[in-house]
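Q: What TrEMBL lists as signal peptide is 1-27. Annotation comment: TrEMBL describes C144, H146, E180, H204, H409 as Mn(2+) binding site. The domain 'Peptidase M20 dimerisation' feature in TrEMBL is assigned to 228-321.
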Amino acid sequence: MKTSMIFSKLVSFVLILQLLNPTVVLSSSSSLSSSNGLTEIPKKFLDFAKRKEVVDWMVGIRRKIHENPELGYEEFETSKLIRLELDKLGIPYKYPVSVTGIVGFVGTGEPPFVAIRADMDALPIQETVDWEHKSKNPGKMHACGHDAHVSMVLGAAKILKQHLQELKGTVVLVFQPAEEGGGGAKKMLDAGVLDNVDAIFGLHVLHSAPIGTVASKPGPLLAGSGLFDAVISGKGGHAAIPQHSIDPILAASNVVVSLQHLVSREADPLDSQVVTVAKFQGGGAFNVIPDSVTIGGTFRAFSKASLIQLKKRIEEVIKGQAAVQRCSATVDFYNTKKPMLLFPPTVNDKDLHEHFLKVAGDMLGNDKVKDMKPVMGSEDFAFYQEAFPGYFFFIGMQDENSPKLSSVHTPNFTINEDVLPYGAALHASLATTYLLEAESKVRPTEGNLHDEL
């Protein structure tokens, strides 16, 4: 009886110690779940990504894609190449998703799910860079680095496949069509293949930042944007007798000036907005007033409310100013061939920002992780961020000993392929450590703690 009482007290004492010191419960978890283990993962993954055979493999993929650029929703050969590489890696995937998209899965197949994204489409630009792997498709070019983005996510897939034991959940590989204005991200979401994703990471190469550096910020990073087309109709006639005509060029000119007042006179000066008319088409002779003029442009802001307000006022101003000059106007924010979506702002999750700072700092050094100012460019990655937490960042690729790289969306844009292992390792590290941290957060509830004790 006495022995039984002593044993009972001993058990109670041990349970009390467990309650007072929760780390005892976590002692059975993998050493990789420790703070030190998480710190080592980014360095280890970068070392793996920098192996010659891995770099050569990523470079080869990037060059094949670059030679055969395809526009939005036409990325059939690009998609075929990606699927071939996933098959070689033994990674399962879903295809087709949103015409040409692919969604792969690496890990346990169980939650939590974290995604990394690559965009696949090219631009309607004629490449002027004269090199061995120049675009073979006239009028099409990978002038925004999407060929590199695909190679990086495939590189991350190779890293993850080689370190499956460290994945405490599932990494979702998102190969997305039509980022360049086609809203491919939204179509991927609409397909329902990402419904269980808890967070997503995306990156973009940056020509002006040094190789081995990254840049981003929490909150609004890139602006939301929309496009508009308007036809202003009047009555054509001879330029020498304008009184017999209704001049749409004069009306369109007033429209252009009035649209600038939306930002200068109606917007909060602390709420950055842009309205730009970049297309003005009308007339074909010096002495003929045309029947109509077509104008078009873009509007941008860092909040969706501001975007919606701009859209409303753009239509009102165009129609109102046209009417003042006795003209009529139609305004389209959609096109029958290609939907002109209202792209939301790219807003980085604050918790994921802290995660990014830790992982990127561990890999590159804290001095290589830069804070950046918001940019008025837009990214359809923002659609993902409306559905679940997301984080977007830029990765530098300028070699200080080489000539300055050209900007994106130009015919002489080039990629410094030394950036590929950095992007691949960052993707893999952000995803892996996210899953490990998610596991550690839920682990105490799975232990032997009992509220009644």
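Cβ atoms are placed via backbone N, Cα and C, with glycine included.
TrEMBL annotations: computationally assigned, not manually curated.
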Q: If you count the other Cβ atoms within 10 Å of each Cβ, which of the binding-site residues H146, H409 comes out on top?
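A: Of the binding-site residues H146, H409, the most buried by Cβ count within 10 Å is H146.
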Q: Non-local Cβ contacts of C144 (Mn(2+) binding site) (under 8 Å, 6 or more apart, same chain)?
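A: Set apart from C144 (Mn(2+) binding site) by at least 6 residues yet with Cβ under 8 Å, we have A122, L123, E180, V408, H409, F413.
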Q: Who sits close to H204 (Mn(2+) binding site): which same-chain residues at least 6 apart have their Cβ under 8 Å from its Cβ?
A: G145, H149, E379, F392, F393, F394, I395
Q: Count the other Cβ atoms sitting within 10 Å of the Cβ of E180 (Mn(2+) binding site), across every protein chain shown.
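A: The answer is 19.
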Q: Tell me, what is the mean pLDDT of the domain 'Peptidase M20 dimerisation' (228-321)?
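A: Over the domain 'Peptidase M20 dimerisation' (228-321), the predicted model scores a mean pLDDT of 97.
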Q: Using DSSP, what's the helix, strand and coil tally for the domain 'Peptidase M20 dimerisation' (228-321)?
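A: Across the domain 'Peptidase M20 dimerisation' (228-321), DSSP assigns the residues as follows: 40 helix, 31 strand, 23 coil.
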Q: List the residues in the vicinity of the Mn(2+) site, defined as same-chain residues other than C144, H146, E180, H204, H409 with C-beta within 8 angstroms of the site's C-beta centre.
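A: Same chain, not in C144, H146, E180, H204, H409, Cβ within 8 Å: D119, D121, L123, H142, A143, G145, E179, V408.
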